[in-house]
Amino acid sequence: MEAEESSSSVVPLPQDVQSVVRGGFRCLLCGVNIPNRPSLTDHLSGRRHVRLHEERDKRNQQQERSVYVSNFPRETSEEQLRDVFQKISPVRNIVMDKDRGLYAIVEFESKDGMCAALEEPQIKLSGKRLRVKPREKKEFQRKKGGSPRTLQPPDPEALSKELLNCADVEQQIKKLVSLCSPSHHESHLRELLLSLLQETFTEFFPGCQLLPFGSSVNGFEISGCDLDLYLDLGDDEAENVEGKAEKEIQNREESSTDMEVSMEDPETERKEEEMEIGNSKNDEDEDVTPGLSLKGLSSEEILEVVGKVLRHCVPGVHGVQSVPTARRPVIHFQHKTSGLRGDVTLNNRLALRNSSFLRLCSDLDARVPQLVYTVRYWARVNQLAGNPFGGGPLLNNYALTLLVFFFLQTRNPPVLPTLVHLREETANEVPQVIDGWDCSFPSDPAQVKESGNQQSLSSLLSEFFSFYASLDLHLLILCPCNGLTIPLPFSSPPPAWSEGFRLGPLNIQDPFELSHNVCGNVSSRAARRFISHCAAAARICRTPNYNLHSTSHPWGITPILLPPPTERECVGRGGTEISIPLGGVSPEKTYAAVSKVFVDVLLCTLEEGREDSCQEGKALELSTKHAKAQCKVEKNEVGGELGEQEVPCKAEQNNTKEASKQKSIFKTEEGMTESARRKREMTEPCMSDMTNGKKRRLEFTRGIWDHHLATSAMEEEMCGEAHKDSKTKIDYSNNGTAQWELLVWHRVWEGRRKERRRKQKGEADGVELEIAVSQALALEKEDKCDGPLMKLILTAQLTVKESLQLYLTPKFDPQGLSSTFFHFLESYLPRMVAQIQGCGDPV
């Protein structure tokens, strides 16, 4: 009865929302997944959903009161069509096919006007009968980014070919800067467009100034970058705009969708865009005339007026879209002839000062822009930055630039001085205060002393990636103003600016507006990807190929700048990373637990990294008393010192050393504890049921397993002394990084829950149960292959914040099994390690 009442009280889902099989909901309108009901309620009332809902309703209403008109002379004007249809019913808007003049969309004030036009038997223009039919109703879709612009930096493939011909890494970086910088022709186009816009705005707003900022002027201009413009309307108008805007900004919450608007492709969607722009008001009835007075208007109204001037009075400008809800209200536009895109803001004097500061830093040391260009391109290729709509969860170019600045400030000696140091050096400068923030710094680079740092570009780039891979960024605020970090949470009392500072997974304080987190929009996933890609790039920079010139394969910065392979290009090639918390346990014991899971539980084989599969230096060195005792047992029989994880896996090794291996196992078996014997007895019935085809492979696995059972037996007998005097350590000379080859022999991750339920009826528990499950699954699965199913590269890195970071990358995966194996490991491995260490619940 209670179930019936609860089911009847469930609120029905809106038509735009559907339930997801695995739980949660999906908003079809916004294209996002929502985990639960409270989040769904928040989403439905959120700005993005409401905006799209209103936009869809508006589009549907347009379609219902519009007709499609064709068969008119090519020279027909909009006014002529308006005169014809105005006689039938009041016309709201007309959009014509200006390119070819083949059709027009006529929108009436009401649906009755559309019906009246369709009922007219004959509608003529200049004696020619017009074809009038209902407008085709298209399903509403969220706007997506338009087609790529012709003005773009080189693609990674073309760039890599150019970089291969360079002599060293420094030349590669300089070549990258040269290829990404805009050409003289593009720079000239920007100047012409700026002049055209200035001339137009001056006509309508006498005394105004149009000032460029951002990448166009800060020394880090890239081909195809947007033209950022600040429209200064004069003292009176600026005070009117900025005073009201600041109040709105204080009450406006930043979000990743603040500027999430689209710039539609002009050739395919321009007609629909123009219809939308004109839907709210008839622009013909609201003339935009020169000499406008903006006094008394709100910031949104002024933004709307400026948008109309752009839309109707600047030749070649289209796709004009106002975003009054952004942190800094902005107008996006495109210029068809030049292919440039631009943004106009009305209250962004702080951005002008920011751009001047970036320009100063760019001029102080030639290495600064070269590193910024390289890091920006790296982030773009790896999809870490470059939000296509101005907002979004990724890093922006300004944030990347500040990351480079902060890194250069922390070198010894610093490559760049901090802003605080610059102010101390030039105390005689006139103070610059904008919106209450101190924006003072030297105006002339000659006033600043040269840096004493003589590091090469290749060294600095390598250190950049290692630096950020080693930081726990979610627990720090990076402050480029003074070159320091602030640990989180704030100490008491917190700094004055902390009240408005929006904390997130990545925190970079704006050097001037101290309460602004430049990375406030960055999502947790984007922050994690940034750190993992930094770690991957750092590993590449530590390989010999980084500084070793080659004409046959990528070297230097080329491997860093190549995009990762897509899923279509190589199924299962994508790797994964798994974090194992140390939890107060030593790194050596944590690694031993990880090894036990892979080898004992999952029946895999671990081999030390070799030169062909590990170019990054030394592997983990195991030299405990435990290992020495084990080596004494096996020294003569096996013919070499077999460490804990050094297990032979090749067929010839199996054949030549089988007798000695069995002898070794026999010797150590006498020292087994009762616990180890129980492990052995659990698997013997399974072994007796093997078929001949499986026996060879599983006998080898059994040999490995018996070898480690004997090892664990010795551990139990020696646990006190062995751990007390342990010398096991990770080789920190390679930044605490080690690498092995992991061979996967059996698909023991498939059907594991079912088999575990079956085995739980017995006496086995914990790790013993998991081993029994794997043995049973290995017998059941028919993996008909002579070699391993997969070969993976396992990299372990000890992080600063008490965790062991594991990276698994497929090396050989013909069946594409690695993706499902990785998915299984992401939750299974940390839980099993915690259980082995005695601080976790059974799996």
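Placed from the backbone N, Cα and C atoms, the Cβ positions cover glycine too.
Given the structure is predicted, the values throughout are model-derived calculations rather than measurements.
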Note: Swiss-Prot has Asp226, Asp228, Asn354, Arg376, His516 binding UTP, and from Tyr398, Tyr546 that site also includes Tyr398
Of 25-55, 552-582, 614-644, the range Swiss-Prot tags as zinc finger is 25-55
Note: in the chain of His516 (UTP binding site), residues six or more apart in sequence with C-beta under 8 angstroms of its C-beta are Gly500, Phe501, Gln509, Asp510
For the domain 'RRM' (54-126), the DSSP residue counts stand at 29 helix, 19 strand, 25 coil
Across Asp226, Asp228, listed as binding-site residues, the smallest other-CB tally within 10 A is for Asp226
Students should find that the Cβ of Tyr398 (UTP binding site) has, within 10 Å, a number of other Cβ atoms equal to 20
Listed in sequence order, the binding-site residues within 10 angstroms (C-alpha to C-alpha) of Tyr398 (UTP binding site) out of Ser215, Asp226, Asp228 are Ser215
Quick note, Ser215 (ATP binding site): same-chain residues at least 6 apart with CB under 8 Å of its CB -> Glu221, Ile222, Cys225, Asp226, Asp228, Asn397
DSSP tally for the domain 'PAP-associated' (456-516), helix/strand/coil in that order, comes to 21 helix, 10 strand, 30 coil
Record-listed UTP binders Asp226, Asp228, Asn354, Arg376, Tyr398, His516 have a maximum CA to CA distance, in Å, of 23
Model confidence over the domain 'RRM' (54-126), as mean pLDDT, sits at 85
